[in-house]
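**Q** Below are the structure tokens for one structure; questions will follow.
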């Protein structure tokens with residue numbers, strides 16, 4: 001990571017908004033949380049409760065047509081159609097994994113981001129992107145290799161949830177579980193887009209929005225400390241941290257933002273967030289990708305235990321998911337098991353995460369959103385004699 005880029009990772013940069021829409025465009029109601037929607041209706045001379053009615057139609061019923069909102073009078077519907085729209089990003093491509101995971105390439109302007117639906121026995125998690133690309137340049141992550149383009153707008157973030165809910169809702173007959181959890185773990189660093197991420201999460205939590213529990217909405221960060229310090233005063237959601245190293249020497253190399261905000265500075269900010277939060281039950285989720293002979297030795301496990309001694313947490317060990325041109329290998333099962341046993345010996349709750357969707361490059365660290373990656377993936381599949389279901393939408 002360049003010094004210039006590091007200098008830009010400041011509270012100002014972390015909260016800078018994405019470009020506003022052109023003046024002639026209708027207002028997209030997906031860009032507004034409930035308070036903003038009420039202010040919009042008040043500006044029209046309408047009662048604030050109209051905002052609640054419309055919001056319920058949008059998010060409870062995935063409705064994007066004002067004419068279908070039958071408890072809104074025709075005159076108001078006509079005014080809404082003249083002034084506003086409900087426009088979620090469209091799906092460009094859908095891929096389905098053998099394990100039930102679905103990855104959507106979502107069109108945002110002339111670019112794409114990726115959204116992943118992960119069904120399990122007792123839940124269904126949606127992994128949502130916050131930026132086109134990523135500025136943090138983590139060396140083990142496919143998204144980082146395409147660089148950073150722009151922040152997503154509120155409508156482009158919550159629109160991923162809306163679009164997925166609409167698709168899954170229409171497919172109930174196939175037995176797919178409705179979305180129960182949302183994780184801000186897709187493309188981008190959420191804390192570098194607070195201006196848009198926070199209102200989107202507010203809609204996820206709002207009873208007139210998706211009505212999710214604050215413990216079921218998780219924000220993951222690599223350590224933009226000034227923005228993390230602000231987050232605790234803005235919203236209370238579950239927190240996960242992308243640590244990935246037991247010491248600053250290794251983390252400086254694989255997570256370059258560590259050169260600006262080192263591990264102790266990061267963990268100190270995490271503890272402050274936990275002190276303010278009810279959503280985390282007093283502990284943070286630590287994400288740790290296992291890189292063969294880089295950070296996966298038993299000596300690293302002992303160092304990690306010492307590093308986290310004063311930070312209440314549970315630890316997710318993540319098998320590294322390969323992408324073309326990456327300089328790493330995935331840790332063997334035996335090395336992961338030995339690593340986990342050391343941590344459990346220190347009485348850390350330790351989970352070895354099951355890889356989901358890696359056959360469609362939807363697993364952790366594999367999201368890229370670019371056609372060039374799909375070309376390389378297809379070649380790799382053919383060389384292995386495998387097939388993949390791809391559907392253009």
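Even glycines carry a Cβ here, placed using N, Cα and C.
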**Q** According to Swiss-Prot, 188, 189, 242, 243, 244, 321 bind S-adenosyl-L-methionine; which one of 155, 213, 220, 268 is listed for that same site?
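**A** The record-listed residue among the candidates is 220.
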**Q** Which one of 1-22, 23-44 shows up in Swiss-Prot as region 'Disordered'?
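**A** Checked against Swiss-Prot: region 'Disordered' maps to 1-22.
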**Q** What Cα-Cα separation, expressed in whole Å, is found between residue 127 (disulfide bond) and residue 114 (active site, proton acceptor)?
**A** 9
**Q** Hey, what's the Cβ neighbour count for residue 114 (active site, proton acceptor) at 10 Å?
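**A** Neighbour count, Cβ to Cβ under the 10 Å cut-off: 26.
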**Q** By a simple count, how many Cβ atoms lie within 10 Å of the Cβ of residue 127 (disulfide bond), its own Cβ left out?
**A** 28
